[in-house]
Amino acid sequence: MVRITLSVENEVLYLDYYKETCPLAEEIVSRNVEIAVLKDPRMAASLLRLHFHDCFVMGCDASILLDNHGDIISEKQAGPNLNSVRGFKVIDEIKYILEEACPLTVSCADILAIAARDAVALRGGPRWKVWLGRRDSMKASLDGANQFIPAPNSSLETLISNFNEQGLDIEDLVALSGGHTLGKARCVSFRQRVYDIEEKRDKYKRYRTFRRILRSICPDSGRDDAIAPLDFSTPAKFDNHYYINILEGNGLLGSDNVLVTEDHEGEIIKLVWAFAANEELFFSSFAKSIVKMGNINVLTGLEGEIRKNCRFVNPYALARK
């Protein structure tokens with residue numbers, strides 16, 4: 001496990017936020033993430049993705065965890081999340097234990113941030129200090145989830161725009177894309193990349209073997225839920241092989257490969273090469289960028305609430321701690 005020390009100033013979140021109110025909070029999250037990942041190694045990627053998909057919609061406020069209820073339409077029904085995002089039961093279990101230990105104290109949004117860190121570390125990636133003190137949203141945004149979460153077939157221009165909307169720059173885009181060193185994707189997410197894009201660009205048929213493998217998993221119609229690893233080289237390990245893959249034209253998603261194929265300025269390709277050559281640099285940059293992402297539009301102070309159940313807004317009597 002690689003520990004990353006970051007020099008970060010944060011005006012709204014704090015290290016050791018629960019030191020007095022729930023001193024075992026991070027330990028409880030870490031222990032239960034470890035159990036979940038031991039049972040299902042793919043869960044590491046799922047928990048990382050939950051944090052990412054949460055932060056890109058209204059900010060890091062656990063809105064992605066809300067179920068349909070009353071006038072709330074769940075973000076789980078959005079295109080990028082439906083039949084795709086997972087890990088909700090793991091968060092439920094962690095929240096239940098935390099409520100037993102420290103009622104109405106640890107937010108669901110903070111649980112997501114801690115769980116993402118621990119999931120990455122458990123698969124060999126960096127471990128960073130998590131800034132805490134987020135509160136939970138009392139609403140969800142289905143439209144926001146459909147609009148702001150990057151699609152798997154996004155162009156580079158669209159990806160840059162998506163990240164800029166969140167206050168994230170090109171280095172953040174390239175570093176956070178490296179999270180695709182873990183996890184799997186559904187056929188419906190990479191079919192276009194296999195049948196449309198590569199066929200036109202692979203003039204010299206350099207990537208025939210990789211494309212043949214993908215086509216054996218994902219036919220041009222049907223089997224939408226068949227899955228393939230995002231990183232065929234080291235699918236269960238958090239490392240820098242993602243960047244080596246996309247330099248070789250072997251990224252699974254269209255949105256992975258465009259970091260190389262559509263970068264006409266050359267700035268992004270330089271970062272890809274740098275991360276491919278230096279795993280320590282990638283780890284440091286990834287940790288820095290995910291901490292930055294974890295600050296997007298956070299609710300603090302008297303904003304939002306601390307949910308008792310991550311799937312539902314508290315009843316009115318519990319709305320303020």
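Using N, Cα and C of the backbone, Cβ positions are placed for all residues, glycine too.
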Field: Record TrEMBL, residue CYS187, disulfide partner from CYS108, CYS218
entry: CYS218
- prompt: Any idea which of the binding-site residues SER63, THR181, THR234 has the thinnest Cβ neighbourhood at 10 Å?
  reply: THR234
- request: Work out how many Å separate VAL57 (Ca(2+) 1 binding site) and ARG49 (site 'Transition state stabilizer') at their Cα atoms, rounded off.
  value: 13
Message: Beyond the listed site residues ASP54, VAL57, GLY59, ASP61, SER63, GLU75, identify every same-chain residue whose Cβ lies within 8 Å of the center of their Cβ atoms for the Ca(2+) 1 site.
response: HIS53, CYS55, PHE56, MET58, CYS60, ALA62, ILE64, SER137, ALA140, SER141, GLY144, ALA145
Query: Of CYS60, PRO150, ASP231, CYS310, which recorded positions come within 10 Å of ASP54 (Ca(2+) 1 binding site), going by C-alpha to C-alpha distance?
result: CYS60
